[in-house]
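Colleague: Here's the feature list from TrEMBL:
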DOMAIN    286-452  domain 'Helicase ATP-binding'
BINDING   C514, C517, C554, C557  Zn(2+) 1 binding site
BINDING   C523, C526, C541, C544  Zn(2+) 2 binding site
DOMAIN    549-701  domain 'Helicase C-terminal'
Amino acid sequence: MSTLARIAVENTVYHFDKLFTYLVPEELYKTVRPGVRVTVPFGAGSRERVGMVFDLDGQEGEGIKTVLSVLDREPVLDREGLGLALWMKNRYYCTLFEAVKLMIPAGLHFRLKDSYVLSAGFTDFDRENYDGLSWQIIMALRSHGRAMPMEKLSAALGITRDCPEFKALQAGGVVCRVNLAMNRVKDAVSKMVRPIPGFDGRLTPRQREVYGVLCDVGEVSEKELCYFTGASPAVVKALCEKGAAEVFQYEIYRRPEALAAEEDNDDLILSESQQKALEELTEEYENAREGSRCALLYGVTGSGKTSVYLKLIDHVLAKGRGVIVMVPEISLTPQTLRRFQSRFGDQVAVFHSGLSLGERMDEWRRVRQGRARIAVGTRSAVFAPVQKLGLIVIDEEQEHTYKSEASPRYDAREVARYRCARSDAFCLLSSATPSVETFHMAREGRFRFHKLEDRFGRAVMPEVQLVDMNWEDHPGSEHAVGMALGEALIENFRRGKQSIVLLNRRGYHTFASCRSCREVVSCPNCSISLTYHTANRRFMCHYCGYSAPLMKKCPSCGSEGLAFRGLGTQKAEEQLRELLPKARILRMDTDSMSGRYSLERSLHEFARGEYDVMVGTQMVAKGLDFENVTLVGVISADQTLYSDDFRSGERTFDLLTQVVGRAGRGRLPGRAVIQTFAPENPVLGLAAKQDYFGFAERELAYRKAMLYPPFVDLLVIGFVGGDEKLTRRSAERFLQELEGLARGEYAGLPLRVLRPSPAAIARVSGKYRYKLIIKCQNGPRFREMIARLLTAFAGLREFRQVTVYADPNPNRII
């Protein structure tokens, strides 16, 4: 009986994506298994593509294409990973292979390269039979010894695929085209040498000397052996040929530099409230199979939530289970890692985009092989192949960065809960400002709710001062630091204490406008103003990356005299240096922290007291813990308050509460100065009082009245195209199709649809964007209807130039 494989194929479009059936040839029976990648012929032209085997079937099949080759020696995904990919396709409207690629480090992804070899039966190496260039092609392929990528052949001989001589060699059967599967990163290995015990054969004096050293040290790298003995690799080769030694490969793990930390075996001392929370969480972990597999740990800033889940991790490890710890941003990773590495040593692996491809691949391998039992990282860490998964901790669970904005548009919190449900593991959400949705679920009893309402070690909450900037200056002023904040910064510096200043906007000036025609200098590709950066003296777009040199004339009317407006972190840094000329000031934003390990080094230097003031964007607001910081300043606190997104109030409250919580975390009390032009706004008042429960109750009442999450789900259908009218018509046509299904086959589904409208930024990278918002209940029947709509809509030729996607419960409505 034939064996059939069901395979997900790379680069298929959503409306055509499914598990495709292929015949497994007899010679590949033993190597084709679920979880391995293969190459298969795909489509009308049978172009070779990479696929992932999901399962095998012993049924007969006729007219079925055959698997061409196996790319992996062993499965790279287990049954849980394959099941997760199927679940993600259903929930996030992505293809199976898009989901698969999230679970495999980029360094292990295969690329099929167009390559060429001499035909197996070719033996005519008589130069007289070939002209000059044809002969050069034959010799190049012969000397290469294996399939030669076209790009290498082009670089060596300056030819293209359309070269007449090259095409003639292919037509004559001399040269064959093949696809070469290549990894982006190779395994790091070292060539090692070890002696063969008891060898008594004949050796030269030099060989005898090297063999003696080998017998003394045992195993050693060939490089070190040659360095210390002065021998050449030829001597080592001769020893191996005579049977005195053997060579083998030793895997080297590329470890991230950021993992270096001092060992700390001290036992954590918990307060009474921390110990109570730990005991309750430990009991819930033990009973996860019978009860809820998820809990919320709420704690005010500085209450010691991390200490509680560190002790819980001790318990999980002692039970022989593995752990995933997620943080929302790379800026939180260094401090978290330092604490975990000092406590758990080499059991910790790190996952985030700041690592090299090789480091990411090797950390993934360490976790998969069970050498590391704790995976710490950003959103992608949720896919870490932790063995015997027992616990997933999501720190600062409210953060929008846990939701992907690119396909697959997954929510790492949902993925974590899914993995815990399938692995009998426990999910712990932790925050001082939980998302309103999480708070609602905990209050309704769907999650267990634990509270730490006091700071650890009798530390007090910071005193907060709301400063009405209407009395000091007018909106749009060029002065970043008001009088109250300036005096507080001077006094804090005089006392030898550190300060943090938040301005959640990069650049120097946020926009420039013409004094004559009033036109704002805008990006030619996006409907957004350009931001001026002093570091490179250029206007830059923070959406598409477009930049232009500093201009003296208005690009619209040609008159001179541009007026620069708005404040960014670069200008705030400049004004802080004028205010505190002797202070050491550190600016932290994506512009200044772009170098490798620059973020880790800067945070370490600030912790050692090498800087007096840290000014930056939201990366300075959350998760950072510095005992000597006693003052926090916020510039433009109401900047995020008036966007056209229903979550703007929550984002503002979260940001202010978190940044205020950076002050007074040691023995000295802290203070915060918040500058605003809307001091009467209740969100700012509640943030100043650190009243999370008051804010959450107010926000839930608003969302219930306006029918927003958590009382409904949201689905945003996005439309992106180069022609604005066509893009708008596509959104209107989709609405018609949706209304037809909702009145017919799917009648009874609770829906409320908002008519198509331009996105908040209507044009990005030359593409126009429209959105259709659906308020719904995101159940199986609703997802089935949307999947049918997306599939059917892709078949409409009229709208083939428009990209359509679905984004469930987005953090930001575009």
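Glycine residues also receive a Cβ, built from the backbone N, Cα and C atoms like all the rest.
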Colleague: Give me the Cα-Cα distance between C541 (Zn(2+) 2 binding site) and C554 (Zn(2+) 1 binding site), rounded to a whole Å.
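Modeller: C554 (Zn(2+) 1 binding site) has its Cα 17 Å from the Cα of C541 (Zn(2+) 2 binding site).
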Colleague: Note down the number of other Cβ atoms within 10 Å of the Cβ of C554 (Zn(2+) 1 binding site), including every protein chain shown.
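Modeller: For C554 (Zn(2+) 1 binding site), the count of other Cβ atoms within 10 Å is 20.
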Colleague: Mind telling me which of the binding-site residues C517, C523, C541, C544, C557 has the densest Cβ neighbourhood, counting other Cβ atoms within 10 Å?
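Modeller: That would be C523, with the highest Cβ count within 10 Å.
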Colleague: Please report the three-state DSSP label of C514 (Zn(2+) 1 binding site).
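Modeller: Strand, per DSSP.
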Colleague: How many Å separate the Cα atoms of C554 (Zn(2+) 1 binding site) and C523 (Zn(2+) 2 binding site)?
Modeller: 13
Colleague: To the nearest Å, how far is the Cα of C526 (Zn(2+) 2 binding site) from the Cα of C514 (Zn(2+) 1 binding site)?
Modeller: 19
Colleague: Work out how many Å separate C514 (Zn(2+) 1 binding site) and C523 (Zn(2+) 2 binding site) at their Cα atoms, rounded off.
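Modeller: Counting only the Cα atoms, the answer is 15 Å.
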Colleague: To the nearest Å, how far is the Cα of C523 (Zn(2+) 2 binding site) from the Cα of C557 (Zn(2+) 1 binding site)?
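Modeller: Rounded to a whole number, the Cα-Cα distance is 16 Å.
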Colleague: Enter the number of other CB atoms within 10 angstroms of the CB of C526 (Zn(2+) 2 binding site).
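Modeller: Result for C526 (Zn(2+) 2 binding site): 20 neighbouring Cβ atoms inside 10 Å.
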Colleague: Which whole-number mean pLDDT does the model give the domain 'Helicase ATP-binding' (286-452)?
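Modeller: Within the domain 'Helicase ATP-binding' (286-452), the model's average pLDDT equals 91.
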